[in-house]
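**Q** Provided herewith is a single structure, encoded as structure tokens, for subsequent inquiry.
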């Protein structure tokens, strides 16, 4: 047989005939088309099912006779037997069972025909199905694990329960909620449910069934109390094994549920059957009294308080039943408790310091607040947050409670732990009317908390326009900043409240106020971070700037100010430099004048010394002349003239080699007289012995002058009676002429001496005239020599002073005695260098002005030795004299020019040349400007005085050095700015994401 067509319409003729009972039409349709006998509609139902639903027994019999499938399921999995059991049609049910219908067939929810047969009062269907049901299928469970016995208890079918129990149904099978049939029977509100409970308990009156707990920990007694079925409660508590105070998963007993639901008789019944002296508390520490007070059940509260074991104990939060009643507005319970206990602690605090008045104010229970104020409650009691009842009422916006509290003496100027006033909490809640009430009670609209936030900022954070308008109408300042520099406009832009932004700008809020954090954000920056396009557009139209734009403007102004500062600083530095130069110039001039005065004193001392020496020399010459006259008498006139010339020659050598003079004792006396003159003039430099030593050094270190004074007055002629006597101990390297006299008798010698004495007296006047002209030439020579020394001393003075300073700097940490000794040595060194320099100049003058001597190798050698000695090399010793170094050269030639002419030419050559510069350098002297143009100082000019460098050259060097340092500083500053900007950009980028996500996920972050 082919399967019937699927998806037929409900209005198919065969199905219509089956439901209406038109058997004739049904048979015709079956005869014409046999496949329509099991045709399904959209619900999957066949004509047989429709005949069962329509209670058409004849049609059902005809369909079954023509071969209709009795166990064909519909879309829900149910067969015709399910429909017959559901409707309670006993006749059709019997017909189907006779045609071998399956009574154990389950639909999609695992429901069998046995489950469905318990829905009706008639037990015939159940009995018929149980007759055809196999023994193990009586307790078949549906998807909720419920058996037919569960269904019978739920529908309160005591006869069905007895029938199922008789057929062996198990009363202890739990369903998906852990409930057994006794739970469903006890939880029924019908008073006749006690009969069903009795039927179940008669089947198995065990203690385990009485105290069976479902998956929520509830026993049948919990469910009976919860439904308020007093008969079932009395029945259950009548059994000895029943636990009157079992705990559920919330640690609540049946008494808790009775008090919570206000079942006073059941509560009284449970208290009577409870043998425990203590009333247990639940998981929150609440007793049945708490729940009775919360539910405003004064009778239950009265019953509970009348029991000896019930007391008003605090829960885990420290709240009593009285606080619970005040918080819920249970005025009758509050009055009842105050009536039953006149000494009740109305100001008792909970764990957080809150009182019953706090609880009533928070929930806005105006009647309860008035009752509490009438019973000696403290109106300004504070909790741990320093909140009074007024704070709670302002936060929730209960105007009547606020007015009642203020009339009851509540203070409006108190602040909490965070420095917030009641106006802050009213603004955070957006309660404009409450703000108006508080302002009318003289509260400050610009009050700031400990973070610097005002009520206006709190209202702007939530975007409460009405509250903001009330505050600003009462002269609240919109430009007040908190500790982070944020204003109300910052908060409105951050949360994107366009109306709040418009209102703030309308009340003259500054749009470019920067915060005090590192980012220095403006309100526009917050709008940009939040991506609020409308707020951004409106802010830009009203002149708002971002921090980047403000920094650009500030940078341009800072640069202008910095440029002006640089100009002023450069001018000040130039001015300081010029003033310093002027001070240096004046100091140099003062030092120069001091040096000139010192040189003048030395020249005067030198002239006095020369006069004393000339006086001694004249006395010696007179004695020597007598001896020469005697020698002429002995050896002849020519020998006498030669001795005269030798005497004149030796007279000149007395200034060069004082150790070989015969009158050294007279020189010591002369030195003492010179020292006395210096002491009177105040320029004593050293002892008389040191003067003699210095003069000897000058004589030894002037080879040119020695060579001139040693030149033979006879030219190249040498007398025959002369011989060479080389004495290595003497400084003079010229060969000494000595004669070999013949021995005569003493009488002849005495007579001749007497004659010579007479002749000497006659010649004295002639010799004085000749000596006068010689002294005139000597005095002019000494004046030229003094001028040369002064010129050389002025050049070397700067170098000597520089060396003195360097010596003193290197010895700052030495002892006091070492400093004195070092300064004395430096003074002697300076005096020696000056005298040495003047001697060296005189030697070079002789070399320059004598053409023959310049060509002589010995002169060149002496000049080189002198330069090497000046430049720091080892000086020439007596064994290394210039003459010995040049022994292979020709003999010295006499000078062709006079001494006066030589000194004049030398003074012109050495006007601007230091004493240690050689002949070649003296011809083309170096100048400081030439050195500066070359770009570096020569080693010979490193110790030159700063005064010799022109002012323009010094300023040029200073400017170059300053420009180099400024360029380095600008590069370093630019690198630092770039690094700092990059770090700031990275920090900003990461903080923006964090802040934005934090503010979006936590809208109350500000509070």
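Each residue, glycine too, has its Cβ placed from N, Cα and C.
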**Q** Which of these ranges is annotated region 'Disordered' in Swiss-Prot: 556-581, 842-867, 868-893?
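**A** Per Swiss-Prot, the stretch marked region 'Disordered' is 868-893.
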**Q** Match it up for me: which of 477-485, 486-494, 495-503 does Swiss-Prot list as motif 'D-box 1'?
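**A** Feature motif 'D-box 1' in Swiss-Prot: residues 486-494.
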**Q** Which is it, of 946-954, 955-963, 964-972, 973-981, that Swiss-Prot names as motif 'D-box 2'?
**A** 964-972
**Q** In the same chain, which residue numbers or ranges, 6 or more beyond the ends of the repeat 'ANK 6' (177-209), come under 8 angstroms Cβ to Cβ?
**A** 144, 147, 149-150, 152-154, 156-158, 161-162, 165, 171, 215-216, 218, 220-221, 223-224, 226-229, 231-232, 235-236, 239, 241-242
**Q** Which residues of the same chain, at least 6 past either end of the repeat 'ANK 12' (385-414), have a Cβ under 8 Å from a Cβ in it?
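**A** Those are 352-353, 355, 357-358, 360-366, 369-370, 373, 379, 421-423, 425-426, 428-431, 433-434, 437-438, 441-443, in sequence order.
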**Q** How many helix, strand and coil residues does the repeat 'ANK 4' (109-140) contain under DSSP?
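**A** So the repeat 'ANK 4' (109-140) is made up of 17 helix, 0 strand, 15 coil.
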**Q** Looking only at residues six or more beyond either end of the repeat 'ANK 2' (43-72), which have a C-beta under 8 A from one in the stretch?
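**A** For the repeat 'ANK 2' (43-72), the list is 1, 4, 14-15, 17-23, 26-27, 30, 34, 36-37, 79-81, 83-84, 87, 89, 91-92, 95-96, 99-102, 105.
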